[in-house]
Amino acid sequence: MARTAIGCEPLVGSLTPSKKREYRVTNKLQEGKRPLYAVVFNFIDSRYFNVFATVGGNRVTVYQCLEGGVIAALQSYVDEDKEESFYTVSWACNVDGIPFLVAGGINGIIRVIDVSNEKLHKSFVGHGDSINEIRTQPLKPSLVVSASKDESVRLWNVQTGICILIFAGAGGHRNEVLSVDFHPSDIYRIASCGMDNTVKIWSMKEFWTYVEKSFTWTDLPSKFPTKYVQFPVFIASVHSNYVDCNRWLGDFILSKSVDNEIVLWEPKMKEQSPGEGTADILQKYPVPECDIWFIKFSCDFHYNAAAIGNREGKIFVWELQSSPPVLIARLICFSLHVKYNPQSVY
């Protein structure tokens, strides 16, 4: 079990905005009365950087940002199950670059939508409970990873519909997995976190031949030799409560719990002892009134800034490349209402 290093206090940011940037509202959209759980821009393909998708209820909607702050609705996918509630969505693509949207939620079924042809491409069935987050591999955007309430993380090939790897078992999470992320440059590594208060780093290097095989598999996806990855290469207990969001920042990790802050820390692994090591906490980004779970933060394309909302409708924008941390802006959105995740009660 990883421990926090002693003797070096992390740098804590000030809540006084630096006034480096000014923000203004250019448009506002209302999608009925259902809560929206995710908004994601398409960073996979530079042709579609001004296109974003939202999920809420059983609907996935695609928008485009036009000049002058105008937002155009392009497509809307309505799931056949009226009881579906999508929690997460991510952009991906097939090997030919055709854009896909990958969404999942309370039913535990992942829908892959072919945005170019406006049709459902595939449905992934495998998770035993609801899906809390889906992320796309930036170096191979045909690969996505999903985090589930069933205590597992799964790696999928959206091109072929194959479940390649399942991260669960003896060394896996012992409660609901809330967030997962691919390392930006190490194609083999992912980080996951959840209700067992831990962040786990996993390696796919030993199983990479199965990833490659998934692109050329011609038999039924159900016959693919899906492998279990049971032991992470690192386990960190940086937080003392649910960890509901984690993102790589280079080789460092940003993670958030319900303790009113985002923490930047460095995993220091022991090469001879997989799973062990230390977690050096480097910086803390305060977020007042953020003591309920399933409030995630988001980073810009270049990872220069991170934004997070709180339960009072305020948004904090932090500069990530500064030490000590710099608060770029504190925004107040009077019409913003933070919702609890309905799948369980904190």
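Including glycine, each Cβ sits where the backbone N, Cα and C put it.
Copied over from TrEMBL:
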{"type": "REPEAT", "residues": "124-166", "note": "repeat 'WD'"}
{"type": "REPEAT", "residues": "170-205", "note": "repeat 'WD'"}
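For the repeat 'WD' (124-166), the list of distant contacts is 43-44, 87-95, 100, 102-110, 112, 172-182, 184-185, 187, 190, 192, 194, 202, 204, 207, 210-211, 214-215, 217, 221, 224, 226-229, 294, 296, 341, 343-344: same-chain residues at least six beyond its ends, Cβ to Cβ under 8 Å. Summed and averaged per residue, pLDDT over the repeat 'WD' (170-205) gives 97.
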